[in-house]
Ligand SMILES: O=C(O)CCC(=O)N[C@@H](CCC(=O)O)C(=O)O
Ligand SMILES: [Zn+2]
């Protein structure tokens, strides 16, 4: 059987910025069912799915194009039958409206709106709030509609792929959302390493990000994965994403063989402080060119928020995601410190 009337899924998604009618399901020659639930929402269900359900999301921030190109390529190869998945997989192209204007967001940063945050301010409705709420519903529908294979526990994975605004001392890194006190998983560190992501930053509390939503609501192993630097379409050096793509393909094909965990090859950072901008008069005390994971000496003043001054407190404390222009009340800077893999509670 051929493809659906939707010829190119990304193109069609961009032509329907905020919603689109579900499309009739199609079964490919290899038996995989393809369902399009909405704009940017496509699900592949193999005839005999294995025990793993995978969500690959991109464009929660519309200007982070490399992950969009990765997903586009995987989606079209799956639809053409060139790549065959053994797992149920859902791709989410989260914010097509923001892709079209080439910006992080249209009205509001979507990655601060999950876990119900989209509905916390009565009367405040905007496109990103509506879309975040719908994406939550699609995640629920996907994970909850998995077949019950004789009580076998299912493995739920969600990689929410991003690129960072700044240069970074570590080009690729993952954010391990707060686990609600549960141990971290060795296998997840191995999977990230296989993806070419040997640097992991551990969040120390709940967040309103997409990845934490999947962890908290569905017990998924979910990560925000930063794959490089924000660049416009056409300016990404796709060779820098070859390992990520190859790992994702092997994961879908179920041919991935994981190397044993190599603690010496990993760099783990613990979030030290989450600095929010609460005043209009907010400044960062270092230039825009300073890369993520740059450390400053103890006592150095990193930021000033009105009268409050934030100084480095810990040896090795480094900056991540500085952004003085965020909306009031939002995170303007994270600081992190390196920790030993041995000090992590791992299962
Ligand atoms: O480079 C930046 O300043 C931001 C890159 C980005 O979008 N990062 C995510 C991290 C989400 C998390 O903490 O899991 C974000 O800020 O939403
Ligand atoms: Zn992002």
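Backbone N, Cα and C atoms are what each Cβ position is placed from, and that goes for glycine too.
TrEMBL labels come from automatic prediction, so no person has curated them.
TrEMBL names 61, 64 for binding Zn(2+). Of 162, 170, 193, the residue it gives for the same site is 162. Residues 61, 64, 162 make up the record's Zn(2+) site, and a Cβ search at 8 Å around their centroid adds 58, 59, 60, 62, 63, 67, 104, 111, 161, 163, 164, 230 from the same chain. The local packing around residue 61 (Zn(2+) binding site), expressed as other Cβ atoms within 10 Å of its Cβ over all shown chains, amounts to 23. Counting residues of the domain 'AstE/AspA barrel-sandwich hybrid' (265-338) by DSSP class, helix then strand then coil, yields 1 helix, 36 strand, 37 coil. With a CB cut-off of under 6 A applied against ligand 2, the recorded positions 61, 64, 162, 226 are reduced to 61, 64, 162.
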